[in-house]
Amino acid sequence: ARDFYEFRYPFIKRASSFLSSSSFSSSSNDEVTYDYIIVGGGTAGCPLAATLSQNFSVLLLERGGVPFSNANVSFLRNFHIALADTSPTSASQPFVSTDGVINARARVLGGGTCINAGFYTRANSDFIRRVGWDARLVNESYPWVEKQIVHQPKLAPWQVAFKDSLLDVGVSPYNGFTYDHIYGTKVGGTIFDRFGRRHTAAELLASANPKMLTVLVYATVQKVLFDKSAGKRPKAIGVMFKDENGNQHQAFLTNNRRSEAILSCGAIGTPQLLMLSGIGPKAELQRLNISMVLHNEFVGKGMADNPMNSVFVPMTRSVEQSLIQTVGITKMGVYIEASSGFGQSQDSIHCHHGLLSAEIGQLSTVPPKQRTRQAIEEFIKRKRDLPREAFKGGFILEKIAMPLSTGHLNLINTNIDNNPSVTFNYFGHPRDLRRCVNGIRMAAKVIQSDRFTNFTKCDKPTVEKLLNMSVKANINLIPKHTNDTKSLEQFCKDTVITIWHYHGGCHVGKVVDPNHKVLGTRRLRIVDGSTFSESPGTNPQGTVLMMGRYMGVKILRRRLGKAAGV
């Protein structure tokens, strides 16, 4: 009974309960098998599982716990605390790319929707065309998500001032409240309701068929199991996972050629799990003595993260907390967004870790080699010495829309709990740097606009003063260049942070086919952002949620035709 209350839905169970009770076994000694095993109960995995369970038995395996009773996940006011929590059971698992930018990946049922800033938008129609999806089904799949978890925001004062300033500096027209991704200034959707409570992908499980779905939490999948009969393409037959007590289990697919294991572990987890399962670059697998199932040099390649830089805006009075509600979609390949009153509040500043920096761009660049204990202590001390004003302002953020710089992901060891090594090569391509400079100029104009200075009640700051404050507020452990505020290029490179929209590593045409089946294998598919070569919309969660539903419907229709009933 305790589990039922704690986990909200009766089909969600602890991994350690596996096989001891299951709705699919006809008798106790039969081994239970599943039509679909989905690895990763995140932004794509939850809607995918809910959809496939309408007609087939589904096992959804999630390495984290549930989000429902976690106040750090549920409330807007605690957004920054979840990201700052570096304990092993946190909903957020930090990782540092080799570029030195601290980043986060989700470790909870509901995935990134549990730890993000909540902004919801659709992709533009060009993106849908480029990925070759059926526009009609796409337009049925977005509303399926929206009806269940998306809300119209109540605009915070900071967001109103930001909207007026964007229009003032020419990011027009004003498109009002819309989910659509169109040039100009708009207010988007949010997964926070008007009480500041978050609604995550895990709530989409409410529309599952409860008799056909089993969700195991604290189930860490270590590898996909294959049948490698001679002369045939490797066939996925199940997965191996460990439960919360460290005990090993195996779960198997039904003996039907249409059964599938589907990886929805995200852009970090999916390439990592593929390699640990023996699919990836031969040399990489040999280096760690992983038995090779299939050589594919492209697994883990083409990793990209949209660089973000933020300009700090001080205020003399406290400002209502707000995450992204208004966005400016410019024609120069840059998105301008804003947040206020976060991350520098008293509770977060005393968190004992070297991860927080001012605000939503909570983390700045920390070259791994300089992350000594002493450096982190220094960082925490500097945080405490910041003037009170630093906690009262907000940030104007600019994000590069489609970075040309890409990197790669490599295994460090064979332990799935450890992060792989990831390189994004921020600003490796000169066009990305040019766009950042233009974006920072635009952000500065917004802050200098009369609409904004009337709101902040501060004198119109010079660009140099703004950037100086931003370098200070964006405290990080990277050695600062004295010309930071003179050279916008240097400012971009030194203060680059992430907005957590990383993607790639299992691209279509390289690792998966257009239906997202893993090339050279049978019964294995990938449904998540690792297949993207660009991040859709200003913020990707809407499209990843939609993709889970879309791919589920596509699979059902292909398998059952009209009888699918979806």
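Using N, Cα and C of the backbone, Cβ positions are placed for all residues, glycine too.
As recorded in TrEMBL, the features of this protein are as follows:
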type: BINDING; residues: E62, R63, V108, V221, W500, H501, G529, P540, Q541; note: FAD binding site
type: DOMAIN; residues: 266-280; note: domain 'Glucose-methanol-choline oxidoreductase N-terminal'
type: DISULFID; residues: C436-C492; note: disulfide bond
Cβ proximity for Q541 (FAD binding site), under 8 A, sequence spacing 6+, ordered by residue number, returns T43, G112, T113, N116, F119, Y120, I191
CB neighbours within 10 A of G529 (FAD binding site), counting all protein chains shown, number 28
Widest Cα pair spacing in Å over the listed FAD contacts E62, R63, V108, V221, W500, H501, G529, P540, Q541 is 25
Row E62 (FAD binding site), column other C-beta within 10 angstroms, all chains, value 32
Residues near C492 (disulfide bond) by Cβ (under 8 Å) yet at least 6 apart in sequence within the same chain, in sequence order, are P307, N309, F427, L433, C436, V437, I440
Residues near V108 (FAD binding site) by Cβ (under 8 Å) yet at least 6 apart in sequence within the same chain, in sequence order, are E62, G64, G65, V66, P67, N70, V73, A91, C114, I115
Minimal Cβ count within 10 Å, across the recorded positions C436, W500, points to W500
The domain 'Glucose-methanol-choline oxidoreductase N-terminal' (266-280) resolves under DSSP into 11 helix, 2 strand, 2 coil
